[in-house]
Each structure stands twice: as structure tokens, then as C-alpha cells.
Amino acid sequence: MEGDGCKSQRLTGATVFSHHRTANKKLFKHKTECTMTFYAAIKGWKLMLRMIELDIPDRTSKGICNDAVYIYDHKSVYANGMDDAGGQGGICGNRLPPTLYSTDSVMTVHFRSDATGPRGKGFKFIITAINPAESTSNQPMKNGTASKSKASCGLAFRCNNNWCIDKDLICDRINHCGDYSDESSEGRAKCDSVLNRFMTLGVTAAVAITVGSIVIFIVCIVAIICCCKKSACKKADPNSITTTATSVVTNGGVTPFQGKINKVGTNYVNSSQGRTTRNPLQIIQEQTLPHPNQAFNYSCQIYK
């Protein structure tokens, strides 16, 4: 409760400190003045405040607090302080007050310290938006509370003491219910389950981990597909050309030709009669053909 933190807050649950504690700053400052007004984030719900740490030593011999924290069942500090929180005199010392409940959806906390006197570690409290569990039977609720077997919180979490709290508050290592049932490994909380441990990381961290896992999975699939395609492809020999549709005329018939065509660097050769142009395709017979219909192989060369 200092600096920018001194303002109104709408919440389902929070832990509040008197000041920002560090290794070199364990005690609150002199001349501190901070007011925070809390509103239940869920319409119609109320607030429960549990003071769990208190160390405000500056008070007179008559018990009057020079430094104090004041708690109001109202949105204004000009209302009467709550009786269980010291009334108009506030709270100091180290004796914890009982659990405090608002009569409406708002509660105000004010902390002040003077310019002199001893300082302490301040205070720490848990404030939670709560609602009584509704009876699911025709039996009227006794003392405003339904029996454990006949109470419901709808989509909210039901504590063992029959208070309803927001379901996002369970398994966050903070006792919001007041009876630790929201932090239990048994019962409705089941805080040892993998899902609840994952959700305690927070919404941002949980989403980041999920998205990251999906991206890694997609990258792995793409890498596998690329590797499979590369292994299926073979590099062609740039110095050769394979033909599949060449035909050679022999003995008046057409014979399909398949083979290797080698490139030669000249189109002309010398002969005894002078310069003679060679056919573009010179066929060199590699075996004797005993019959016109017998299959045979040719090796071909192209002369340029």
C-alpha cells in the first residue's frame, strides 16, 4: 500500500502488503499515507479480509496507536471503523484481529505512519470476494449456511466452510477460503492434479507454454516432410541426356530406341572426296543382327 498502489481495486482475491519489502527495506517508511478501496468483482458478492501478519510497534503507553491501519465497512474513510478492527483508533501492535466481513460489496483500508517513533514490518492481509453457498433443497439454510451435502456455488468453487470463491483462486498457494480447502490435495480442489499445477502458472504462462508446444510440433512435422522429399530426389547427371522417344529406321521398319546420347564437338569430318557433312545422328551397331525382327541395342552420338 504505497505509491501507485493507493487506489481503488476491483477483485476476486488478492494479498496486500503495507509496503514493498526487499532485503534492504523490511520496515515501512515514516510519514506514510495510503488509502485503498476494494470492490468485489462479482456482482452481489461481499468481501472477507483476513489479517495474517501485523507488526506496527509505535503506540503510547495507554495503547493509542501513533501508526495504525484502519478498516472501514464502507467506501469512505469518514465512516466508522469496523469494531473488530479497533474502530476509530485502528489497529497496531502485533495482535491479529479476527476475520472481517463486509456487509456490502465494498471495504476500505487506510494506513498511516507519523514522522517519528519505531517502525515495524507493517502488515499483510488476504482479501477475497465471497458469497454464501445456496441451498439446493427445500430446507431453509441454518444461520445463513447450507449443509455441506445440500449447498451449491454454481460455477464457482465451494469451500468446506460453504463460502463460494472464484474458481481461479484455487491451488494458488493462498488460503482464500480461510480453511485451506481451496489449497487441499483432496476434496474438490485436488491441487496435486497435473491440470491444477499447470493452471497455477498463471493464464499468460499457460497460454505461452501451450502455443510454444504447438509451434514446436508443427516445425517438427515440416522438417520430417522436407527430409522425406529430399531423400526421394536424385540429382540428374548434367553431362548426359536420356531419350525415351527416339526411333531408328532399319530394313524398312521402325525400331524404338532408348539409350545414351553423347555430345561431340564438330558437325563435319574429312573424306577422300572432300568435305562431307555427317548425319546429325550417327548409329554405331554394337552387335550383328541375324534377323530384321530381332531386338538389338545401339549406341548413338550427336555430331555438331
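Each residue, glycine too, has its Cβ placed from N, Cα and C.
The disulfide bond annotation in TrEMBL covers CYS159-CYS177. Reduced to three states, the DSSP call for CYS159 (disulfide bond) is coil. All chains included, 26 other C-beta atoms sit within 10 angstroms of the C-beta of CYS159 (disulfide bond).
Annotation comment: TrEMBL describes 6-130 as domain 'CUB'.
The transmembrane segment annotation in TrEMBL covers 198-225.
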Name the residues of the same chain, 6+ apart in sequence, whose Cβ is under 8 Å from the Cβ of CYS177 (disulfide bond)?
THR128, CYS159, ASN160, ASN161, TRP163, ILE165, GLU183
For the domain 'CUB' (6-130), mean pLDDT (0 to 100):
95
Can you tell me how the residues of the domain 'CUB' (6-130) break down into helix, strand and coil by DSSP?
6 helix, 57 strand, 62 coil
